[in-house]
Amino acid sequence: VRKDASTSPCATKLPPAQSSKQPSIGPPLWSVRLSRASLFFTQHRYLLTLAIVLFLTYMSLVNLAVNALECHDRPVGGVSYLEADLSVQCFTGRHLSVVGGAVALLLFVGAGLPLSIFVALRGAVDRPSLRFMSDGYRPGLRWWEALVLLRKMGLVLAASLVTDASSQVAAAMLVLVPSVVLHVHHKPFEQRRFNILETLSLSAMIATATLSLVFLRARGGEQAVLEGRDQEVDPALDGIVTGLLVGANGLVMVLQALVVCRAGEGSGPASAALSGCMSRRREETSRPVLSNKLGTRPSIAATLQKHSSATMAKSQASHAADESKARRGRNVAEVIPARASDKRV
């Protein structure tokens with residue numbers, strides 16, 4: 001009996017066959033998880049409702065949390081008191097629980113909502129259910145509203161938690177200057193006029209903060225103003241600074257009004273839908289109506305006109321029927337004597 005070659009001690013052992021399958025190259029795991037979270041967010045309606053409510057109340061919630069952390073800048077007897085309630089000592093006793101809730105609110109709403117917007121709207125895929133936050137932005141930058149919310153929160157934190165005027169302006173600059181640079185570089189809006197308007201608006205905010213700080217320094221500083229030891233400022237300088245501040249902010253407001261008034265002149269789907277809705281609304285409002293407690297009913301004049309038209313139509317139909325009967329009677333009267341004469345002949 002011949003032995004199998006595989007059982008022979010002199011048989012050469014071959015290396016195990018390597019798998020011919022190559023490792024698949026795909027998106028990273030974190031990208032897949034973000035996509036799944038975005039899909040889950042857009043498919044569940046209750047989360048969409050929650051996002052709308054949080055988006056509309058975002059600044060109110062951030063202000064509420066900041067007010068719970070804002071302490072008076074002048075300690076009394078070495079003790080700081082809460083700015084919103086001077087009977088509460090800061091960071092002691094019951095205020096510690098409020099501080100925990102305020103910090104949690106800032107983390108989960110102040111930073112969590114912009115992060116959720118970025119996750120849901122990143123990429124070039126359009127989300128129709130979230131179009132109230134992404135409409136108007138270029139594809140690929142539909143998440144830009146997240147940066148806008150973070151900028152607003154940063155300005156609120158700089159104005160509330162920083163007490164010194166110079167430090168407030170410096171903190172505001174740390175928020176506004178990068179915002180201007182990013183906006184000018186990326187130009188997130190689809191329409192050029194919105195990009196220009198946003199740039200002017202941010203520039204006006206920077207100019208307002210800078211000129212206000214210069215004017216405060218000219219009067220001797222914040223401490224001198226608070227203690228009533230401020231210096232007299234040249235009326236010409238006062239007028240120039242005031243004019244620049246009012247002019248810059250007034251120009252931005254006028255341009256915003258013009259852009260809003262001309263927003264419906266575009267040819268996009270939103271403009272077409274808006275114009276169609278307005279035309280239907282004009283047609284509905286042009287009809288004479290009378291509103292009462294039971295709802296909207298036709299007016300009395302319209303009802304009378306409709307009733308008179310129906311009565312006139314009925315009378316015309318009755319008159320036409322009478323004429324038709326009379327015509328048939330005359331024809332019968334003419335036919336009968338003719339038949340009788342024919343029979344006599």
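Including glycine, each Cβ sits where the backbone N, Cα and C put it.
The feature region 'Disordered' is assigned by TrEMBL to 1-25 (among others).
Per TrEMBL, compositional bias 'Polar residues' is recorded for 1-10 (among others).
The transmembrane segment annotation in TrEMBL covers 46-66 (among others). Sequence-distant contacts of the transmembrane segment (46-66) (same chain, six or more residues past either end, CB-CB distance under 8 Å): 40, 101-103, 105-106, 109-110, 113, 116, 129-130, 132-133, 149, 152-153, 156-157, 160-161.
Per TrEMBL, the feature transmembrane segment maps to 96-121 (among others).
With a threshold of 8 Å between CB atoms, the same-chain residues lying at least 6 positions outside the transmembrane segment (196-216) that come near it are 165-166, 169, 172-173, 176-177, 179-180, 183-184, 189, 222, 225, 233, 238, 241, 244-245, 248-249, 251-252, 255-256, 259. Per TrEMBL, the feature transmembrane segment maps to 196-216 (among others).
The transmembrane segment feature in TrEMBL is assigned to 236-261 (among others).
Residues annotated as region 'Disordered' in TrEMBL: 266-345 (among others).
If you look up TrEMBL, you'll see 305-318 (among others) marked as compositional bias 'Polar residues'.
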